[in-house]
Amino acid sequence: MNNKHTATSRQFFQTLTICICLLFAGTYSAKASDRDHRQYDYVLILNSYNESAPWSNSITSPIMHKISELKDIDAYIEHLNLFMVNDSVMVDRFPQMLLNKYGKTPPKLLVLLGSMSMIFREEIKEMWGDVSILVCDSDPYIYTEEYYRKQDVTTPENKIHVDSLRDDYNITFMHTPAYLKESVKLMTRMIPNMKKLIFLGDGIYPNPEYNKQLKNIIARDFPYLQYQFISSYNYTLPELYNALRNADKETGVLVSTWFAETLTSQQMLINAYRSLSSISSPLFSIRYAGMDDGGMVGGYMYNEKIFINELLRNVSQILNGKPAREIPFFVPADAHPTFNYTTLVNKGLNPKLCPQNSIFYDKPENFLKKYIWVITGIFITLLLIALIQQKRIQMLKELRRVQKQEFENQIKYTNLIDNMPILYMKEKVIRNENGNIVETIFCDVNRFFETCFRKKENIIGKKGSELFPESMTEFTHFMETALREKRSITFPYYFKDVDTFYDIVLSPSLEEDTIDMFCLDSTELHNAQQMLSSTNHKLSLALEIANIIPWKWNLKEHSILCDINRPIIMTAMPGEIKEEQLSVSDEQYFSKIIKEDRPRVMQAFHDLIEGKINKVKEEYRVLNKGKNGRKIDWVEAQATIETRDEQNRPLTLVGSSLVITDRKRMEEELMSAKDRAEESNRLKSAFLANMSHEIRTPLNAIIGFSNILASTEEEQEKQEYINIIESNNTLLLQLISDILDLSKIEAGTLEFSYSNIDLNDMIKEVENITKCRMEGSGVQLIAETPLSSCFIRTEKNRLMQVINNFLTNAIKFTQKGSITFGYEIRDKMLYFHVTDTGCGIPANKKDSIFGRFVKLNSFAQGTGLGLSICRTIIEHMNGTIGVESEEGKGSTFWFTIPYQPARLSEKKAEEFQPITVQKDKLTILIAEDNESNYRLFQSILRKEYSLIHAWDGQEAIEKFKEHRPQIILMDINMPRMDGYEATKEIRKLSADVPIIAITAFAYASDEQRVLENGFDGYMSKPINAPLLKQQIASILQKRIIFL
C-alpha cells in the first residue's frame, strides 16, 4: 500500500508542479502589461497551504473583507501549497514568478500564512525592499526548506526565531499556537475512563512535530494513556474509517489537517475530517476549523474572535503607514475549551463535564430566555392597560406629589450631606461564595470627602481595596456586624495617609448589602486625650513608680510640707495620715543633711530666694534609719519659686526630692566598668597588633617559598623550601589553636574530658614527638618516669597541651645542653616539671611571665598566649603553676594537679571477619565535600590505592552500594547528610568495612563521639600524610587478607 501511495504521490506532485507553472505563466501573460503601472496600492497574501485549507481561509477571509471596504487598494491571494511540492527547483522559481506577476512595485502589506514562506525573505527583500510583512503561524521558528518538506520530526539546530529577524526585515508576527497538553487534558475530562489517544494528521509540517510533542506529553503527564498516530501517508480514508469504527468508548480522537489523495482522480482531498463526521467516536480538533460544519466536538484553542480583531487592527496600522517591525508580536493569552454544543450532545458527551470557562457554539436557548422580551412585553402591556383603565388619574396625581416630595427631600438630603463637615461614603459590599464580605464598591461620596481625599469621578465604581487597602480587613469586619445585626456600629480609626483620627459610624442602608459610612474628624480630641493621658502617666510615674517626693516650703512660716519621713517613720502607722504629720520645720529638715553637704545646699536655696538663680538642683547625703541602724542615702533635690508677695518677694517654694542612692552606686560601678573596658580595649589592641605580626610572619614564609618552589630545579633546595613551608605551617596552626583556646577561655567554654590513662605511656608519647622536633638541634631530651606504672584519671589532651607548651618554650630558648621533663608524686599531688639549660628569665619578668601577650624576646616566634592558656588549664584542673629561673643558667617550669589513681579496664579485643582482596585492587571511598581537601587525599593515596570520591553523605551511601570499597574516609561535616548519618546507614549494609572519621575537631569528647557512632578511628585536620598512611596501613593489616 505504501509503495502504491508513494508512486501515486510522485505522479501527483509532478502534475501539481506543472499546474503551478501554468498558473503563474497564465497570470503573467494576463498581467505583464500593467504590473508596473498599478493605479492603486495592493495587499498580497502568500498562503503556504492549499486554497481550501480551513485555517488559512479563516485568516484570509476577514482580511479580504476588510480590504473590500477600503478605497484605492486591492488585495491578491497566492496559494503556494509549498508543503506538497517536492521539487526544490520549482520552489526556487517562486520568487521569479512573483516578480513576473506583480512587478517591482511592492505591496502595501505582505501577509505570509505559514512560516515556510519566509524561506523567500531574501528574494522578497531584494524585489520589494523594506516591505511590511505580517506572518501568521503556530511556530515562531523558521527552518530550512528541507525541514518543512521532509517526513521526520527531528528539529534542526539551525532554526531561527522570528524575533531575531525584526531588525533586518520589516516584520511582525502573530502566533496561532496549538495547545496540545491542554487538549489531551480536556479529552480525558470529557471522555470518562479514557485509555487511548488517536492523533489524526497528515505527514506534512507541522503534524510530525505535533506527533513528537504528543508522545512526550503523554509519556510525561499521562503515562496511563496509549497513543497512536494515524497519518494520511500511511492510511487511506477507508482504512481510517475502519480504524475509527473499531475504537471503543474509552478512546479519544484528536484531529489535525488531513491531506489525502483519491485513487480515481489523483487530486488532493482537503479537510478529509469533514467526511469523518459520520463516525460515532467524538472528534476533538486542534483548530477552530471544523467546529461549524466539520462534525468536531471541540478542543482547547485560542479565542478566534480576539485573534481576528487583533489581526485586522495590525493590518489597519500597517496600511496607515506604521512599519510592521514597530508592532509587538501577538501571542494569544486567553485560550479556552471550545465546543459545538449540538455535536457535543449528538456524540453522547455530557455538557456538565465541560470546564466553567468553556465557550459554546450552536447552543440552543431555552424557551424563557429565547422569548423573554416577548413575554415581558406582553405582560407589561397588559398591566399598563389595566392600570390606565382603572387608576390613571389617581396615579398621575399621586405620582406628581411623590415626585415633588422626593425631589425636595433629595435636594435637602444632598445639601445636608454635602455641606456637613463629616466624611460620607456609600458603599456596596461584595460577598464570596461563603457569604462573607470580601470587597466593597464606592457608590457615592459627599463634597467634604472630595476635599479631603479624591474627586467623586475618581471614586465612584472603584473598589475599596484599591483606594484604601490597609483598612479593608477592619472595615469589612464591622460592616459584617452592622449588616448582620441591622444596627449602627461606631469605632475609631486612624488614617495614616492623611495623619487623621476618625470616629467611624457604619449604618445599614435601605438598599440591600449597602452601607452608609460617616467619618467624624476626632484628631484634636484624640491628641488632647493623648496629652492628658501622657501627663497623668508621667505624673504617676514621677510620684509613685520613681519614688519622687514632692514638697512645699512656706518661707513665712518656716515649715516644709512633705512626706519624706513617711517611708521610715509612718509606714506602720494605722489610719489616715494628716497633713500636719507631714509638715516639719525647715531647721529640722536641713538637720538631716550630712554636715559636709549642708552649707552648699543652704547656699543654693539662698541664691534662689535672692533671685540669683531660677532653679535649684543639688545632690546631697542625708541620715536615715535602716533595719540595722542608721544609714546614709543620696538625695537629689530640685526647687523653684511658686508664689510671690506684692513686693515680688518669694512666699513659697515647690520642689521634689529623689533618693538616688542606687544611682550613685551604679555610677561608681559604671566608672569601674569603664576602667575595666578601657583596660580590655588596650589588651584587644595589643592582641590585634601582635596577631597581625604573628600571622603575617609565617604566612610570608609560606607564600614566598611556595611562589619560588615551582621555579627551583635543584632537589636539595626544593627540600629545604618544603621544610621551611612545613615548619611555618606548624607554627601557624599552633597560633590558630592558641587563639581558639583563648576565645574559649573568654567565653567560658573551654572543654575538659576526663578519662583513665597510663601516665608513663603519655610521657613516652610526648618524648617521641618532641625528639622528632629536636632532631639535629644538639640538645639532649631526657624523660623521667620514676614509677614503673602510673594509672591516673585526668584530662589527657589538656595535660599534654601544657607539657608540650613548656617543652616548646624550652626548645626555643635552649641552644645547648639538655631539656629534662617528667613527673613525681608529692603528697596527694602530681608534680610535673620541664627543666632546661637555656638563657633563663630575668628576675623582673618572672612575675609577669604567665600574663597574656608577654614575650621575653619580641623577635622570637610566638603569640605570648601559651603560658597564659596553660595557667587557665591548670587552675581549672584545681592545680598550681609556677617557674624557677636564673638568668643565664636555665629555667624550670612546673605545675601540680590532684593525684587521682585509676585502673585501666582491659579492652576486649574486637573480632572482625577478615576481608580477602588482591593487593593491587584495594579501593578507598573518600567522602569529602571540599575539592581542595579531596585533592590532598588524592595526592597522598592515589599511588597505592584506587580512589572513589563522594561529595556528600548521601552520595557516599550510593557509591558504597555500587563499588563495595575496602575502607572509607568519611568527613563529618557535609551537606545533605553528615558523616554520622552516612556511617549509620552504611553500617546497616556492612558491619565490617573500616570507616575512619575526618574531623576538624581534636578533643577527647569528639574522639569519644566518633568511636561511639560506628567509626573505627579518626584523623583530625589538618591532615598529616605520614600519620594518615600509617593509620590506613594499620587498619588494613588487621582487617584485610591480601591474595
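Just so it is clear, glycine is given a Cβ too, placed from its N, Cα and C backbone atoms.
These come from TrEMBL:
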DOMAIN    616-672  domain 'PAC'
DOMAIN    690-901  domain 'Histidine kinase'
DOMAIN    923-1036  domain 'Response regulatory'
MOD_RES   Asp971  4-aspartylphosphate
SIGNAL    1-32  signal peptide
TRANSMEM  371-388  transmembrane segment
Task: Secondary structure composition of the domain 'Response regulatory' (923-1036) [DSSP: H/G/I, E/B, coil] - done: 54 helix, 24 strand, 36 coil
Task: Overall pLDDT of the domain 'Histidine kinase' (690-901), taken as the mean - done: 81
TODO: Tally the residues of the domain 'PAC' (616-672) by DSSP class, grouping H, G and I as helix, E and B as strand, and everything else as coil.
DONE: 12 helix, 37 strand, 8 coil
Task: Cβ contacts of the residue listed as '4-aspartylphosphate' (under 8 Å, same chain, 6 or more positions away) - done: Ala927, Glu928, Asp929, Asn930, Asn933, Gly979, Ile998, Thr999
